[in-house]
Number of protein chains: 4
Amino acid sequence: MPNEDLLTIGQRTYRSRLLVGTGKYKDLDETGAAIAESGAEIVTVAIRRTNIGQSPDEPNLLDVVSPERYTILPNTAGCFNAKDAIRTCQLARELLDGHNLVKLEVLGDQKTLYPDIPATLEAAEALIKDDFEVMVYTNDDPIVAKRLEAMGCVAVMPLAAPIGSGLGVQNKYNILTIVENAEVPILVDAGVGTASDASVAMELGCDGVLMNTAIAGAKNPVLMASAMRKAVEAGREAFLAGRIPRKRYASASSPLDGTFF
Amino acid sequence: MPNEDLLTIGQRTYRSRLLVGTGKYKDLDETGAAIAESGAEIVTVAIRRTNIGQSPDEPNLLDVVSPERYTILPNTAGCFNAKDAIRTCQLARELLDGHNLVKLEVLGDQKTLYPDIPATLEAAEALIKDDFEVMVYTNDDPIVAKRLEAMGCVAVMPLAAPIGSGLGVQNKYNILTIVENAEVPILVDAGVGTASDASVAMELGCDGVLMNTAIAGAKNPVLMASAMRKAVEAGREAFLAGRIPRKRYASASSPLDGTFF
Amino acid sequence: MPNEDLLTIGQRTYRSRLLVGTGKYKDLDETGAAIAESGAEIVTVAIRRTNIGQSPDEPNLLDVVSPERYTILPNTAGCFNAKDAIRTCQLARELLDGHNLVKLEVLGDQKTLYPDIPATLEAAEALIKDDFEVMVYTNDDPIVAKRLEAMGCVAVMPLAAPIGSGLGVQNKYNILTIVENAEVPILVDAGVGTASDASVAMELGCDGVLMNTAIAGAKNPVLMASAMRKAVEAGREAFLAGRIPRKRYASASSPLDGTFF
Amino acid sequence: MPNEDLLTIGQRTYRSRLLVGTGKYKDLDETGAAIAESGAEIVTVAIRRTNIGQSPDEPNLLDVVSPERYTILPNTAGCFNAKDAIRTCQLARELLDGHNLVKLEVLGDQKTLYPDIPATLEAAEALIKDDFEVMVYTNDDPIVAKRLEAMGCVAVMPLAAPIGSGLGVQNKYNILTIVENAEVPILVDAGVGTASDASVAMELGCDGVLMNTAIAGAKNPVLMASAMRKAVEAGREAFLAGRIPRKRYASASSPLDGTFF
């Protein structure tokens, strides 16, 4: 990997392009081990479901995911309207001593966990005005992605597929269009199921991938964390290395056009 | 990667599951650098096109790909009938001091570079009788793959897509069926275009991947070699780690059935 | 086709589930011939680009697409904000003597022709308040689709792929989810390229398909119109007939689960 | 459909490009009704499983599928070697008073029902020498398809996917290559699940499609038969009409190249 290939989000700079969550692990030990193996430097935490100090007498995630080693990225998972999401971010800022980088998600329904786009736009605007640095979960609509960027979000995070589905990138053209139009980092968030899914996202030019279930839900989460670390690096390097064109045959004089599928 | 996860082909054992070719590089320096970066331990050489001693006064590939460091795997690229393929293997054995591991390919036509299956079966049988250890390039037909194994081939190498096409695995069900039925290593040979293609093959349970154009033809072959090394490892680890099932939603009670695409 | 299988949009009922546009034909004769061959009963007209009476001295589309035979569906193609779209609908209502069924599209940019969702929501709300029956072009986000339905749109028309792309349904899960959640007709609008694309949309349970370029841009538009008529019927019938499950083999005891691609 | 668009197989000419089987129906009435609705003119019969006169006292398929109305195409389903297949064809010829058009299938195993290619080649050669007109079931390998044509088969019938799987065309490039190289009719045989699958095969340029389970196994076989008739016609017409190219956007100046998926 070229040494200078860094990911910049807001004011911060990272070497790893894999971001991970903390839910669904067997216990905090497994959480810590998998996250360490993943090589992630940014760890997202569902403030409504995870104790990072709200309940002083219970196990604290920050004991295994140290804020000194990782950028803790509070997220608003479980919020279904702008107001709840904004409050959750404010609570997180208090708990984390003024830390202002957040991942905003405002969900549209319980079943698909797709974002509610109008509420997401509303919450993003309010949070940016309140000096948050907003990384924002969104659908894969290129127009929406551009609007969120224009509004001042520091990273735009389109879904590959529904949260927890493991289906991989469903609409590659949309992700590609979002990437081509972007001037802030585009991180695929949600829907990755296995290593190749993460590579595909990176090969499309995404700046990073965020995942939780794909690692925590694997039979062997620590080994899957290693797979995902390598997959993100592999996809990034393949993107930078410039792949061969797709052709029907080696002997074809030009890449596929018109007859691809 | 678990330490004990080794690839055994015939009598030999390897740590790397990425096999690479030597064609299409700018020069021997680039060849050597990309192969080193790929981490490959088996390097396949087209005996009809590559000097490994046939022309004593010309640059010798073995100067940059040392037989002491790598297993040299002579292949019969460019052979369109069993007789030529058999002779080429015999020539290779002489040049390599009795080395009897070969990669057999008997091609069906110049355009698709698909194998000629009846001629492949014929050549494989003759070579096995002549004490070669035969790794064999084939199409992705599960019945043919099983027959080649039954005949005594030490590895079966179905194509993912046409040689040099970069299209990736075209028929995942066939590759999966071949893998499920096999008692010898199954290595995807031909058709890989980028990192995720290699991961996909490994996630299907293949024992390894062989490629040449995908690395040598990339804009930056050395960086792509690194990508491919990581992609093969990522795919292998993801296979071993046990991925989450594909579901339409996180909340779905069972994996997709009937309504997948 | 069962006789009772009718498409109801607002107050009107149709036998055909193929809706067509009028742009990009060589001349009005070809327009008329292709539309007749398609069997369509609803014909959408881009009010900003098509003369249906605005220019009394020029050829009038209604001469070949008679409002007595077809439901004329004015659309707001070319409108990039709510205000323009609303005005265009009002102009159409005047030109068409109070006809209040319209197809709303508010576009987000010139390149992708993706909808601008917030502006679409705004325009839909205003038009419904102004007694229009609104059929609405949207992206394939299930949450947005449901909101447009809840607001009172008489049909929701998610894109299969970008307008004019010919790529076919890019995200089948999204279209399926929209269909499953809907209580108004769901018509795929935009992105169909060939007959099977239309069938796929119908097999997902869509109530109809709208297209223009796929017919008008074919080498033989009249023959393609016939193909599309049959494809929409075929897809509808296949949906109603209940397809066999996908399985890896005939002998498999259960449909694919976990190992589909 | 252009009037002159006929399918010629050997000496015979047909209007319909849908060929159907007779297995798996509830009863002979349903068989007859579905076949009539399909518009098929060629009906294939598994000689080893179907009574066409071998058991004079039992219901005879030919009572509902009259040889005066349909071309009866005996097939060798259930044969796992060349000898059995050859004998089955000879028996059929006797039962059908010298009728010499047969569909040869020599299967490789019970699970996948993939063909055994060497045995298929052997049986085809023997049958052609014995004055049969051979339509031959094969895998989707272009080299094998060309060899079967060169040998004198009157039609080559590559599988789309395993028999009874309903997966649709798995390797479009292979089918396309087979079609491009062929001088005899190419009929997709096996693997179709729903209407769009049949259209896809025809859009690739195939001359026809043969299916059984997709119709007989549908919840409503007669309605599915109608769907398939239309789907085959739609796909054929779309192929002849010349589809629009796939592009990322309408505004793109050239079709997709390099960045398609």
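Note that Cβ sites are derived from N, Cα and C of the backbone, with glycine treated the same way.
Among the features that TrEMBL reports, domain 'Thiazole synthase ThiG' is placed at A:8-255.
If you draw a 10 Å sphere around the CB of A:LYS103 (active site, schiff-base intermediate with DXP), it holds 27 other CB atoms from the protein chains shown. The active site, schiff-base intermediate with DXP annotation in TrEMBL covers A:LYS103.
As annotated by TrEMBL, 1-deoxy-D-xylulose 5-phosphate binding site applies to A:GLY164, A:ALA190, A:GLY191, A:ASN212, A:THR213. Secondary structure at A:ASN212 (1-deoxy-D-xylulose 5-phosphate binding site), as computed by DSSP, is coil.
Over all protein chains present, the Cβ of A:GLY164 (1-deoxy-D-xylulose 5-phosphate binding site) has 23 other Cβ atoms lying within 10 Å. Ranking the binding-site residues A:ASN212, A:THR213 by the number of CB atoms within 10 A of their own CB puts A:ASN212 at the top.
Chain B comes within the C-beta cut-off of under 8 angstroms for none of the recorded positions A:LYS103, A:GLY191, A:ASN212. A:ALA190 (1-deoxy-D-xylulose 5-phosphate binding site) sits 13 Å from A:LYS103 (active site, schiff-base intermediate with DXP), taking the CA atoms of both as reference points. Here the domain 'Thiazole synthase ThiG' (A:8-255) has a mean pLDDT of 95 out of 100. Neighbour count (other Cβ atoms within 10 Å of the Cβ, all protein chains): 27 for A:ALA190 (1-deoxy-D-xylulose 5-phosphate binding site).
In this view, A:GLY191 (1-deoxy-D-xylulose 5-phosphate binding site) is surrounded by 26 other Cβ atoms within 10 Å of its Cβ, with every protein chain counted.
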